[in-house]
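According to TrEMBL, the protein carries these features:
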{"type": "BINDING", "residues": "Arg23, Glu85, Arg124, Lys459", "note": "(6S)-5-formyl-5,6,7,8-tetrahydrofolate binding site"}
{"type": "BINDING", "residues": "Asn231, Thr250, Ile252, Thr255", "note": "K(+) binding site"}
{"type": "BINDING", "residues": "231-236, 250-256, 275-278", "note": "GTP binding site"}
{"type": "BINDING", "residues": "Ser235, Thr256", "note": "Mg(2+) binding site"}
{"type": "DOMAIN", "residues": "221-380", "note": "domain 'TrmE-type G'"}
Amino acid sequence: MLDTDTITAISTPVGEGAIAIVRLSGPEAIAITSQIFEGKNLQEAPSHTIQYGKIIDPSTNEVAEEVMVSVMRAPKTFTREDVVEINCHGGMVAVNRVLEIILAKGVRLAEPGEFTKRAFLHGRIDLSQAEAVMDLIRAKTDKAMSVALKQMDGRLSKLIQKLRQELLETVAHVEVNIDYPEYDDVEEMSHAMMKEKSKEVRDELDKLLQIAQQGKILREGLSTAIIGRPNVGKSSLMNTLVQENKAIVTEIPGTTRDIIEEYVNVRGVPLRLVDTAGIRETEDIVERIGVDRSRQVLKESDLILFVLNYNEPLSEDDMKLFEAVDGLEYIVIINKTDLQQQLDLDKVREFAKERPVVTTALLEEQGVDELEKAIADTFFTGDIDTGDMTYVSNVRHIQLLKQAKQALEDAMEGIELGMPMDIVQIDVTRSWEFMGEIIGDTASDSLIDQLFSQFCLGK
Ligand code: GDP
Ligand code: ZN
């Protein structure tokens, strides 16, 4: 056995902020809870039942909290260990008190993701599912959270398993053909077969990778630069976005209290706004390093919010900024519409081409809704949020998918060059192995071992 101690943490279910839960997992979970619980005897409670009662603080013998306690016995639990969940009504203060009482009993505070780690180590979930949970723990917004949740479903695992199986079967067929040739052109046939399958699987991997790029953005947030001449309202814009879109911070199973990160969530789109220092830099970035270089810097942003002043005519600097953002993803924000118009709007629209142009008076909180809508539209036009897509949002997965795809392309090239089949198979096998790493099946068994166990070629 890998972990034998009992761990605990506050783990409030996703989307249910009002309920606070303390979870315990491990061999002592039920026994220790019994010692501080006043109510039915938990040691005798059937598995997967909920008991009403009170948590007593042993140091004072006072009632700390009224609770509902779920008792779940191994192995039919998330961690495959005995699990107890203590539902507290009294919010965070009460839940912290209960946690402290349990810690005082010698139970160890779980590390972030430790419940999930146990589930993986005990074979309850595969590696990609475990990683999805880890992503969930780090997920910055609702949207990123739902991506992680989908992956946890095992969608990615299932697809990867299917693709691996297809490669495996093709290799098996080819082996059989070569070992028991019915036709003279067996090598040619094998090549054709292998080429077709390699291409098919390669295309599937490619599709996954394209989606993965979007998944990655969701997980990490769109890096967003706010640019514009001094005094147009960049800081005001930043403040407005931060105030209106407080980052969602949810506590997730297995997390402890200290994981709090500030992020801006605009209608489901996570934005990583450049910090004030960064903004100050971009203010005169064109001046300082010229259009070409500043373009390079801006190119690294996923989205640019380009602020203009309604109260001033278009200046030389504004034109330079238009030049710098040309071809990039940006939104024009014409601010200070509460003041006298000096800006030529037709000209701005002409420069902005088909990019969105939004007018605001940030001082009076005007136009903020329209701006947020424009941000969301800009992002979701690639219909990223359809329900059935399989998302890959993990950097390690993306890397492995790329390697698996490359290996298949190597195989295809080998076939094109007329390489012998056993050489081509080395590349196909590599692809199969890379995909195996995604789902944690780095099995010491080689592809060929698997072949024999599955197809009994019986040589
Ligand atoms: P930055 O230099 O681009 O970051 O601009 P700031 O956000 O610091 O704003 C410069 C000044 O313009 C401040 O005094 C703001 O209060 C003011 N300001 C910002 N937005 C508006 C607006 O919509 N209308 C008016 N009249 N003033 C604004
Ligand atoms: Zn500023």
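Just so you know, the numbers here start at 1 and follow the chain as drawn.
Cβ from N, Cα, C; glycine included.
TrEMBL: automatically predicted annotations, no manual curation.
Note on the binding-site residues Arg124, Lys234: the fewest other CB atoms within 10 A surround the CB of Arg124. With respect to their backbone Cα atoms, Arg124 ((6S)-5-formyl-5,6,7,8-tetrahydrofolate binding site) and Ser235 (Mg(2+) binding site) stand 49 Å from each other. Close to ligand 1, meaning a Cβ under 6 Å from one of its atoms, are these of the binding-site residues Glu85, Lys234, Ser235: Lys234, Ser235. Close contacts with ligand 2, defined as a Cβ under 6 Å from any of its atoms, occur at Lys234 among the binding-site residues Arg23, Glu85, Arg124, Asn231, Lys234.
Within the set of binding-site residues Asn231, Lys234, Ser235, the entry lying nearest in space to Arg23 ((6S)-5-formyl-5,6,7,8-tetrahydrofolate binding site) is Ser235 (CA atoms).
According to DSSP, Glu85 ((6S)-5-formyl-5,6,7,8-tetrahydrofolate binding site) is assigned to a strand segment. For the pair Glu85 ((6S)-5-formyl-5,6,7,8-tetrahydrofolate binding site) and Ser235 (Mg(2+) binding site), the C-alpha distance works out to 45 angstrom.
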